[in-house]
């Protein structure tokens, strides 16, 4: 919170309302912070959980579990998070329409609390199956959060702060990852006797959100456009933006409501059939797939090897890994500072361009790893440079564009489609990547080079800049020029949506 005020002071930017920042933090702490936390917290107790499963198996059947089956059990525990995420994202959009954005975020904490209870009880009950079910529930929680929280942030933020507020998603994901890495250190909860407590700590962000978020209002856009609650919308705007600044936002929401009069929230299959949204859909599908397939997972896969080659002792590598988490977190914060100054297109294009350069350099340093004692350190520099480049653009801007490219009636369905693509790509790269490494070894980064380069070309040619534009203006940017000329203006000065809805 203090950092946010410092950023706006340094860059001489107008400060958003304090209530708006607190509402964003309340949404994020039990939302994408949970997602990031549960990605990283499972890594520290890997060996201890496997020992527990082997011990439980021996007590049940009087024999040790085979190494192959133990690996299968552990893979199942890890992959349940992805399966749960896919389930969560497919229901998140529907829940956000029925329960509201805030209502869905609050309800979503039930999954986190049940997961924490199951994983915490797994050791005392001797049931490792509870870990599998618990990770499934954490995945569902993460899937719903990654779908609904950006919706809430994008809809409560005024146009001038929409990018900076939307970066809350990325900042809290990286903050969650970093927190999970720190809490998993041996000095805190990383010892064998503490692993059930470590996995059960997922309840803490859930409790915090249940305590804080109810004090803040529902999304004003949802209240007026979806529920027709004029008074509720005005009250929410006053609380979030202040009495002096709420009029302009009210006019913008009212214009969008007038344009969407009689149009119901679309289902994903209806959005897929909507010709007026095909370029927006293609854009978010490509960007969400690229977010997982751009090589960031490969960098983390090679990180331990690179650190060992650089002479870092095995027992110190976990601390360097915390450094990579801190690096990603700082970059997300930097992106949050720059996004309203430079715009979305510059950051995401620049991020993918730098990642393309890093892929070339990383391929060269891995190929000549033994040529000089200096090369492993150059490889380390490439690891951090790649993470910085990812956080600068693709890591944060992708979610913001998913919010901005759609209007109120299509946005929940768009998040369901984008989230499904993202989680499927996450699963796909986890399944296929080991075979890519075996087949291509260090040259696997040439595949990621091709992906990053193609994304740069697509963004440059197709995606418009969305900074300081209303949702209706952005929608019309994607329409053919003939349709844009034909779009009419009513007496209130409202540009009507061109193209069929």
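Here the Cβ of each residue, glycine as well, is placed from N, Cα and C on the backbone.
TrEMBL annotations:
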DOMAIN    24-467  domain 'Major facilitator superfamily (MFS) profile'
REGION    482-501  region 'Disordered'
SIGNAL    1-19  signal peptide
TRANSMEM  72-93  transmembrane segment
TRANSMEM  105-124  transmembrane segment
TRANSMEM  130-152  transmembrane segment
TRANSMEM  164-183  transmembrane segment
TRANSMEM  195-216  transmembrane segment
TRANSMEM  346-368  transmembrane segment
TRANSMEM  374-401  transmembrane segment
TRANSMEM  413-437  transmembrane segment
TRANSMEM  443-463  transmembrane segment
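Most Cβ pairs under 8 A with the transmembrane segment (374-401) among the ranges 105-124, 130-152, 195-216, 413-437 are made by 130-152.
A Cβ distance under 8 Å defines the sequence-distant neighbours of the transmembrane segment (105-124), meaning residues of its chain 6+ beyond its ends; these are 27, 30-31, 34, 52, 88, 95, 99, 130-131, 133-138, 140-141, 144-145, 148-149, 152, 195-197, 199-203, 205-207, 209-210, 213-214.
Per-stretch counts of Cβ pairs under 8 Å to the transmembrane segment (346-368) identify 443-463 as the leading one among 195-216, 413-437, 443-463. Of the recorded ranges 130-152, 164-183, 413-437, the transmembrane segment (443-463) has the largest number of C-beta contacts under 8 angstroms with 413-437. Sequence-distant contacts of the transmembrane segment (164-183) (same chain, at least 6 residues past either end, Cβ-Cβ under 8 Å): 16, 20, 24-25, 27-29, 31-41, 43-44, 146, 149-150, 153-154, 156-157, 189-190, 198, 201, 205, 318, 321-322, 325-326, 328-329, 331-333, 335-337, 339-340, 391, 395-396, 399-400, 403-404. Long-range contacts of the transmembrane segment (130-152) within its own chain (CB-CB distance under 8 A, at least 6 residues past either end) are made by residues 27-28, 30-32, 34-35, 38, 42, 49, 76-78, 80-93, 95-96, 101-102, 104-105, 108-109, 111-112, 114-119, 121-122, 166, 169, 199, 202, 219, 399-400, 402-403, 411-412, 415-416, 419, 422-423. Remote same-chain partners of the transmembrane segment (413-437), defined as residues 6 or more beyond its termini with a Cβ less than 8 Å from a stretch Cβ, comprise 79, 82-83, 85-86, 89-90, 92-94, 96, 143, 146-148, 150-151, 265-268, 270-272, 277, 280-281, 284-285, 288-289, 291-293, 297-298, 301, 402, 405-406, 444, 447.
Mean model confidence of the domain 'Major facilitator superfamily (MFS) profile' (24-467) amounts to 89 (pLDDT, 0 to 100 scale).
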